[in-house]
Every structure is written in C-alpha cells, then in structure tokens.
Amino acid sequence: MKRIVGFALNYYKIILLLAILAVSSSVTQDPLQNIKNMIMIQAPFVMIYSFGMTLAVITGGLDLSLGSIAAFSTCAAAFLIIKDQIFIGIAACLLIGAGLGLLNGLLITKAKVNPFIATYGMDWVIRGAVYIMMGGAMIYHFSSDFKIIADGSFLGISNLVYIALAILAILMFVFQKTVFGRNVYSTGANIKVSRLTGVNTDLVIVVVYMISGVLASTSGLLYVARLDCAEAFLGKNFGLQALAATLIGGTSLQGGKGGVGNTVIGVLIMVFLMNCLNVLKVSTLWQDAVFGLVIVVSALLEMAKQRYANYLQL
Amino acid sequence: MLVSARHAGLEFRGIRILTDTILEIRNICKSFSGVPVLEDINMSIKKGEVHVIVGENGAGKSTLMKIISGVYRKDKGELFFEGEPVQINNVQKALNVGIGIIHQEFNLLPHRTIGQNIFLGREPIKSNFLKIIDHDLICKKSKELLDYLELDIDPRTLVYNLGIAQQQMVEVAKALCFKSKVLIMDEPTATLTRKETVKLFEIIKKLRSEGVSIIYISHRLEEIKQIADTLTVLRDGRVVGDLSIENASIDQIIRMMVGREIKDQYERQYHLHGEEVLRTENLGAKRFSNVNISLHRGEIVGLSGLVGAGRTEIAKTIFGEDAIEKGSVYIYGKKYQRMSTQKATRLRIGLVPEDRKEEGAIMEMPIRHNIVHAVLPRLFKSAVISRKTELSVAKKYMEELGIRAPSVNKLVKLLSGGNQQKVVIAKWVCADCEILIFDEPTRGIDVGAKAEIYGIMSELVERGKAILMISSDLPELIGMCDRIYTIKDGMVTAEFSRTEATQEKILAACV
C-alpha cells in the first residue's frame, strides 16, 4: 500500500496526463489524430510563453505581462512584416520583447517593486499602448514566406514543434548547465545569500525577465503567423495560463525550484485537459471550474509529496 | 523565615533546600522516522529551582522541551505535574497546565503593540455579546507585568521598535501572564549582551523566589554557574548525569557533554604578521562613523561591542552590502570609495554572516552547490558547469573542513548547526579568500564544533589569510585574536593587543 501511494504521488503528473488522454481518446473518433493535433498545433504556443513564466517564477517572481508583451511586439512588428521586411520585423519583435522585459526587470530590481505589482501594472500599460497603436484595426494577409514559419512542416512534423523543442533544449542547457542558470536558481532560493556570495542578483533577475519577454514575443509571432492576423487582443490570457501550466508542472512559487522540463508536462496536462473537456462537450461554464480544480489539486498533491517524502521513501 | 517557607524553598544556612517536585519526567522516548532521539529520559524539576539542561547540538534538548511544551508528542513515557499524571497533547494544553516556553526564535507579531502581543489569542472583552476587546484592560495589565519585569516601556509601543532584549522580556511577560509554574527558556542569552544578561538573571532569580521553576537551556557554560541550582547533561538522547551545581566544574560538564576531553580550545600560534590587506579610513555609514581599523596577513583581529554597537554594519559595509557614506576602504593598499558584494568577492573577501540560515548558506540547496557557489565564475571560465569538476571540488572541501554528511548532495537544511556553518566557511575557503570576515561564527553551535571552527580559523591564518572576527563571546575573542578593537555606539573606543586584553578591560571599553 505504502509503495503504491508513494508511486502514485511520485508520478501523479504522468498518471493525470494519461488519465486525461484515456478519457478524451475514448470519446473521440480518431484519438491519434486528436493527440497529434494537440501536440502539433496547440501545445507549442502555450509551451513557449509558459517557459517565460517558469523562469520568472524560479527567480521568486512572476511575469503577468507576457500576453501584452506578445501583443505589443507583434503588432509593432506587423507593420514591418506586412511590407515584406520579414527579417527586420522578426528582429524588431524580439527586441521589443526583450526591451519590455528589461523594463519589468528594472522595475523589480532597481525600483524594488514587487514582481506581481510590477508585471501586473505593466500588463495594463502595455495593453493600453497596443490599443492606442492599433486603433481598433487589424493587420492581416501576410506573405507566405512569413506564414510558413508556423504553417510549414518538415518530415511530417510541424515547424512549431521544432521551434518549441529547440527553445526547450536551449533553456534546459542554459538553466541546468551554466553558471548563469545556477545563479538564477540560487537567486530564487535565497536572494540575500546569493548577493552576499557575490552574485549580481539584479543582473540575473533583469536578464531572466528579458528572456521571458523574448519568449512572449516569440510565441506571439508564431500566433500571428498561424492566424495570419495581428491584433491588439492577442494573448489576453497568456499570463494566467502560463502561471497555471507552471504550477501544474510543479515549479514552486517560493522560487529556486522546478524548471522548464516540469512545465512541458504542465502544459501537456493543461492542453489535453481543455481538449478533453471540449470533446466531452462539457459546458464552457464548467470548464473554468474544472480547470481551477486541477490547479488546486496539483498543488495539494505536491504538498503531500513533500510532507510524506520521508515516510514514503520517495 | 516564614515568608520564604511559604514559597517553594527554605533558606537554610544559605543553602536552598528544595521541597517538592513540580514536574516529573519518566521514561520518555521519542524517535523521528525510526531514529531514536530521546531514550528513557528521567528527570524531575523541583518547585522554585533553575534547572539547567546542557548538551551538544543534537543531544535532544530541544526535542525534550518540545515534548514538555506540547509541540511534539512522546512515543513512550509519562509526565507528572504536581504529582498528577498529565497528557500534554498540544501547546494550549501545556499552557493551561502551567508550562510556558520561550523559544529561541521569538513568536511576536512585530506590527502589534506589546500589550496586544502579551494578550494575543485571549484578549479580555468588554461585553460577552459584541466581543469588543478591552484595550484599556490590556494596557493596564501589561503595564503591571512590565513593571514587575522592571521594564519601563509603554505597553502601546510596537514590538517592531523594541531591541532584542526587550522583545525577550515581552516573551517572559507573555509566559507570566499565563501564570506559568514552569517556564522553559531555550538559549535566552544567545542574542543578549552582557548587561542584558545580568538583567535577565535578576528576573529569573525573582521568579524563582516566587516559586516558579525555570528550565534553562544554554550553550554558554560560564553562565550556568551563576544561575543554576541543578544541572542535567544530555548526550545522544540520554541523560548522562544530574549534578548539583556546587560540585560541578566547567571542565567536568564539558567532559560529560562531549564524552571526551577537549584540551585547549583556542590553539593558536602567533607569528610576525605579513603586509596590510585591509584598512579603513574614517569609514562611516548608517550606524557608525570614523572607523579606522587595519588587518594584516596572518592575523585575527576582533571587533568587540554590545549587540547594536555597529559591528555587523562595519563588516557589511566593508563587504559592500551596505553603502559607504564617508571615508574609504583600502584593500591590498588600493583605495575604494564604493564597494559592492561582487567587487568584494572578486577581491577575495569573504563574509561568514551572523545569520547563517538567512544569509550564510542556501538551506534548500545541496552542500555541493553551496560550496562552489562563490567560486563558480572562476572555476568554470567557459560558463558551462562540469558536474565532475563540481563534485570533486565540493568533495575536497567537504573533507578539508570536516563537514559531516553522508554525501555532497545532502541539503544543507538537514545538517546540524555546526556543519551548516562549516559549509558557509567552505564556500569562502573554496573561493580562496584572502580576507575573511567572521560574524559570530560560533553562535548556537555546540562545544565540539566550536573547537573545530577555531581550528579552521587558526589554520587559515597560518596559511597567510587575514581574519576579521566579530563575537559577543569574550573568552573566545580573547582566545583567538591577535588584536581586539572595541566598538561603542558606532565608534572605535579602544584597541588591545593579545597580551593586554582582559575581559574587564574590554567590557569597560564597550559599555
């Protein structure tokens, strides 16, 4: 019994994911096609901006401005891309993402604003700026050279998957294997000790928010390429979705723990759960409630895992 | 004679004869996940005595106290209070029975007043219907308690504004308010200065004369002679012996605590000093001004002073954590008017802070990460961490500093206080620091580990490093240092060489 409970607690995320897959597969016509769709088209977007959130959470903060950064940077870049300045447009988009992340980082480290307040406030400010910039208009009909980024595929696998995996690999390497990554974790675990050990904690935090900004604009760009439309409303719920995926994945808000690897599972659980609720024809009114429940329950399971780790010999 | 007979003890030719037992502990056992922490503990606390419990860290003192005060449950054994068997299942029950505890870390709400803290959770109310808190009564009663403790503060003062010693007194007042008959104090003097300690002892004696029994835990063996009536020594979860204080010597107590001889704790060899590595010139910042001190290779220099005199602030300013406001710091002869912790570590300065849990080591990370933390950028110039190198470096320094742990992957929070401190020191030794600042390096550390830390410090200066040491423990400071500066109210008041320094002279310059 002890071993079964221990196993279940240790691998509850995988078990949860498999359970969701089993339920959705049992009601869909073509389960494999359904899973493929989710992984190819839905998951990569969510994953990329959720990585940004995860990194911010590891430093002990969070980034609620992901969605508006995505909207602002892509809308601004869309003016260039629509004139076939694709590379300059993409570069501008990523630069704007980094710049807005820099602003977040400076607010948090230099002005010492709480990360929640800083990024939540910035979210409104940036979103307001996009509305003003776009004035209710949309930019669409991009050239196919641009759209192929999201629409194209290689060896039957969507480009989106390659891009997400490449980003995952880079982040895993940087955050697990480099001195910078180590400093991010140590800053999150205890900023005071890290500073007193000579780590430039301000720089570490600023760079993480810049990376987070770049990831937000990357996923925004992919959305625009996919939907063939840049609009001011893009990414309205990026921030909270990313936070949910991060938490479900098991990265703790305390900071210094977890990682982008965890978030991959968190995103898959989230994406397949939404898909499952859709195919089960659960009313949208109930979907939010179920979704929230999963967040709370996974937090409880994570707590149980820590509390009984000794007893269950995990 | 009659008056004292009504209280617990009788004065008989100057010797207190203690009459009845208030708390009897019988055959208490406790284990955590299969590891026995307490085995068959028997002890009896008499009415109106100060019963000191000593033992190394991990001997089981705190666990025993937590069982008595209802924080933990015992596995086996019985407790008798005033002759009656009692079941103490939670803290509330213990308080109702009459057992109060003052933990090492205070349980006070900083943004509430003294009165609100004393009456927290049992505020007197004006009417039963509306449950309005009677603030006037809180004030009046708190004032009485504070007067009793000879503390002249308005009970409406926020705890936030109090010094450590005053906060301690608020904790005492809280316990008294419960009419505790047994009061447990866990290392009450760890953060107090000499003067405040004397004050606390007066209060303890006053309580004792009124029949309150005090269970007193301490690492400071010198104090024990002054305050204790009886003494119990714990080692590895067992009672090694009960002593009455008249026929116990400090050496004997130490022998019983560690189960082995500790010879001279402070083994130092004195050589001629090398070149000057650190000097401050009219250094001033938030809490101090005009500080001129110097430090040479091969030398341990002490900073003595009361808590709050500005010693830690001087250290943190030199290390770049606090900003320099006036004057400058010379490191290896080069003048610096601005410092930062990054600059300091690049200049091979290391700080072992006073609060090792919050500032010294990252508790939630393994030993390995903590040891290589400061050396990372130099060890891995390509910015990519090689796990193999990291492991071998961490292992090397773990052995060199005698950190006792099953592996370098163990989380620091799972180590004992002494080993945690050694991890912090290992971090700086690993970074090959030339100048080391030790702020209260042995606070809350058991006797055995203390001697080891002294050994490490001696060896570092033998190797030509320079150490600046802050300590409130005068014997330790005099035993270890080549020179001692005394600090009072943010100013250097005197400088003593090793041969001149005595406790009396230093104290006179500190207060």
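The backbone N, Cα and C atoms fix where each Cβ goes, and this holds for glycine too.
Caution: TrEMBL annotation is automatic and unverified by curators.
Under 8 Å from some Cβ of the transmembrane segment (A:39-57) lie the Cβ atoms of residues 63, 66-67, 70, 115, 119, 157-158, 160-161, 163-164, 167-168, 171, 175, 184, 208-209, 211-216, 218-220, 222-223, 226, 235, 238-239, 241-243, 245-246, 249, 251-253, 255, 258-260, 262-264, 266-268, 270-271, 275, all in the same chain and six or more residues away from its ends. The transmembrane segment annotation in TrEMBL covers A:39-57 (among others).
The list of residues near the transmembrane segment (A:64-82) in space but at least 6 beyond its ends in sequence, with Cβ under 8 angstroms from a Cβ of it, reads 49, 52-53, 88-90, 92-94, 96-97, 100-101, 104, 116, 119-120, 122-127, 129-130, 133-134, 139, 141-143, 146, 212-213, 215-217, 219-221, 223-224, 230-240, 242-243. What TrEMBL records for A:64-82 (among others) is transmembrane segment.
What TrEMBL lists as transmembrane segment is A:88-108 (among others).
Summarising the annotation, TrEMBL assigns transmembrane segment to A:120-142 (among others).
Annotation source TrEMBL lists transmembrane segment at A:154-175 (among others).
Feature annotation from TrEMBL assigns transmembrane segment to A:203-225 (among others). Within its own chain, the transmembrane segment (A:203-225) is flanked in space by residues 44-46, 48-49, 51-53, 55-56, 58-59, 61, 63, 65-67, 69-71, 73-74, 77-78, 90, 93-94, 96-102, 104-106, 108-109, 142, 146-151, 160, 163, 167, 180, 183-184, 187, 194, 234-235, 238, which lie at least six positions past its ends and keep a Cβ under 8 Å from the stretch.
According to TrEMBL, the feature transmembrane segment maps to A:260-280 (among others). Long-range contacts of the transmembrane segment (A:260-280) within its own chain (CB-CB distance under 8 A, at least 6 residues past either end) are made by residues 13-14, 16-17, 20-21, 23-24, 27-28, 34-35, 38-39, 42-43, 46-47, 50-51, 53-55, 168, 171-172, 175, 241, 244-251, 286-287, 290-291, 294.
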Tertiary contacts of the transmembrane segment (A:154-175) (same chain, 6+ residues out, Cβ under 8 Å):
39-41, 43-45, 47-48, 51, 55, 58, 148, 181, 184-185, 215, 218, 222, 226, 259-261, 264
